[in-house]
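Undergrad: Input: one structure, supplied below.
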């Protein structure tokens, strides 16, 4: 196994572990300690992430790389806005419809990458994604109460999230910056958007003010713990999207959903039905299919990329001839069956 593959596996494992940990921590903070200000808490997460990376940069753990200021500002504002819109979507929709919103991010990402980046997804990958979405939908979607404002907020949340994640991957590859460098540059702007709007969004959703909340020692302790875990979450998010793709990151996100449902039942004794179990098993099967087909296609691509230019041209030529012959065979079969049916009709008329 190469160092690059180990790096990808490590980033995926870090993302899963830190995301599940922060969900459990925030569940305790919001449900048991009565701190419902999710958007404001996210702004604190990003601020702590920036200061942690700033200290790491001062200690020479990584070298900052200048990125075009307009790109960074727009990227940071877009990501900050998408987080706020997802929270508003949850506030103005039922939990079932919010889960559908999250499920819709994968097909929208595939659509946008196909149209604007000319990226091709094989039928095998599409099928595995369909199985995955079906499983997560069965496990997590309970009701689909619709309202106009909630639907608009969900559409905006889907659009901004998809574009933000595609840009995370595109900026890292085109500008040759690392996930750490991009997060370090953009975190202040993401934090600023949420820091300015978070208290108003939270008050709108909860009818409570973050400024008048009683900050007991347990609340402050869990807020600090949540912010520390968030450093790992934010770092691993950029790392996974940069080393894999936005679609893979979303697939990983649904694995986290299944794990959170399982942990909720095991640790917190949340209600768990046969439908949840069936949905999780289908989702895991879909993830396994996606992993298998992704690895298979990446190996095939790496073999093609390693070929000399002349062999690569010959390989592409043979592939084009193969698909051309396949299309012609299908056309001949269709014409043959059509001719046969015509002759049968003529014979029937003669008899």
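In case you wondered, yes, glycine gets a Cβ from its N, Cα and C as well.
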Undergrad: Please identify the range among 148-167, 168-187 that TrEMBL labels transmembrane segment.
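TA: TrEMBL lists transmembrane segment for residues 148-167.
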Undergrad: For the annotation transmembrane segment in TrEMBL, which listed range does it cover: 188-214, 215-241?
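TA: From TrEMBL, the annotated transmembrane segment range turns out to be 215-241.
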Undergrad: Looking at 105-123, 124-142, 295-313, which stretch does TrEMBL describe as transmembrane segment?
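TA: Checking TrEMBL against the ranges 105-123, 124-142, 295-313, the transmembrane segment one is 124-142.
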Undergrad: Apart from its near flanks, which chain residues at least 6 from the ends of the transmembrane segment (72-90) lie with a Cβ under 8 angstroms of it?
TA: 38-39, 42, 46, 98, 101, 150, 153-154, 156-157, 160-161, 163-164, 167-168, 171, 185-194, 197-198, 201, 204-205
Undergrad: With CB pairs under 8 Å as the measure, which of the listed stretches 148-167, 215-241, 275-293 comes out on top against the transmembrane segment (124-142)?
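TA: Ranking 148-167, 215-241, 275-293 by Cβ pairs under 8 Å to the transmembrane segment (124-142) puts 275-293 first.
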